[in-house]
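Student: Structure below; questions to follow.
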């Protein structure tokens with residue numbers, strides 16, 4: 001526990017960690033579900049608006065974390081609501097992040113088996129990153145964020161190259177008419193695109209590790225802002241290249257798009273990078289769940305790290321196919337409304353009232 005908390009991380013590292021948490025399965029899967037829901041080419045507008053909502057919610061989380069600069073969410077929630085209720089909420093977050101970790105590792109397995117390791121059993125594909133992730137987390141937060149720093153620039157570079165290459169076959173007519181059915185389909189799809197931005201709430205954890213916790217708002221703004229631009233550009237290019245009709249029926253639209261780029265074997269590079277990206281998102285979920293266990297169960301060293309590893313693996317094996325896996329993702333997203341929006345906003349309101357009352 002002490003090893004996990006004694007080292008501090010910079011604002012840029014937190015920015016990268018937040019952006020890493022956001023750029024995950026939503027980038028390769030969610031475009032199809034949004035297109036099916038909207039039935040119009042305005043998917044990119046919905047992703048942009050969903051990102052703006054997440055910026056506002058992210059700033060609320062950052063403001064809450066700034067009220068308790070040297071405490072993680074698992075600590076100050078007990079201060080605000082009392083120990084019994086605080087422990088219960090902490091357990092909810094541990095369960096949620098364990099589910100997030102399990103879902104990411106299952107998507108990683110499905111993705112890798114589909115495009116790279118089609119002859120390798122799924123349980124092997126999932127087992128290896130879980131073992132590597134547990135080893136990475138054994139030494140605390142510093143090795144984790146340094147790993148993110150190593151691959152994040154490469155991830156952004158490859159994404160931009162892939163998207164830029166897509167303009168070779170870009171068809172502007174696929175984007176027309178803009179708002180042809182009015183603003184209503186866009187507004188109704190914003191909650192779905194907003195789900196893609198879950199991860200900003202990790203600032204509730206990362207802020208306590210920052211050497212400058214007052215800059216947590218800046219870290220959230222940059223982390224979400226980078227992702228907002230990438231998601232908007234990504235959906236814009238996908239619609240302009242594949243068309244909205246094709247986008248609605250492709251299981252892995254981003255992968256299909258990457259495979260159509262006949263230059264420099266970019267699709268292979270993209271596949272490898274995205275496996276790493278899914279792995280990093282899994283690591284974040286595992287880390288936060290483990291950290292929560294460390295605060296709720298004293299003197300247990302790294303036991304919870306390995307227990308959660310096993311639980312995440314078992315949960316990842318439960319869905320029978322990709323469709324059931326995506327249904328699990330939808331359930332996790334709905335639970336995320338509570339953990340990423342409702343509870344942080346309630347806690348921020350309580351914190352404001354409590355601080356004002358104590359000041360008087």
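Going from the start of the chain as shown, residues are counted 1 onward.
From the backbone N, Cα and C atoms, a Cβ is placed for every residue, glycine too.
TrEMBL labels come from automatic prediction, so no person has curated them.
Remember, it's a predicted structure, so these values are computed and weren't measured experimentally.
What TrEMBL records for 12-31, 43-65, 77-100, 120-138, 150-174, 186-207, 219-244, 264-291, 303-322, 334-353 is transmembrane segment.
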Student: Which listed stretch (12-31, 77-100, 264-291, 334-353) has the most C-beta pairs under 8 A with the transmembrane segment (120-138)?
Tutor: 264-291
Student: Would the transmembrane segment (303-322) count as touching the transmembrane segment (12-31), i.e. at least 3 C-beta pairs under 8 angstroms with sequence separation of 6+?
Tutor: no
Student: If you count Cβ pairs under 8 Å, which stretch among 43-65, 150-174, 186-207, 219-244, 264-291 touches the transmembrane segment (77-100) the most?
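Tutor: Against the transmembrane segment (77-100), the leading stretch is 264-291.
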Student: Hey, which bits of the same chain come close to the transmembrane segment (186-207), Cβ under 8 Å, at least six residues off its ends?
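Tutor: Contacts of the transmembrane segment (186-207) (Cβ under 8 Å, skipping residues fewer than 6 from its ends): 9, 14, 17-18, 21-22, 24, 26-27, 30, 33-34, 37-38, 40, 42-43, 45-47, 49-51, 53-55, 57-58, 61-62, 64-66, 69, 72-73, 179, 213, 216, 219-220, 223-224, 227-228, 231, 281, 284, 288, 291, 333, 336, 339-340, 344.
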Student: Assess whether the transmembrane segment (150-174) lies in contact with the transmembrane segment (264-291), where contact requires at least three Cβ pairs under 8 Å among residues 6 or more apart in sequence.
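Tutor: Counting Cβ pairs under 8 Å (6 or more apart in sequence), the transmembrane segment (150-174) reaches the transmembrane segment (264-291), since there are 3 or more.
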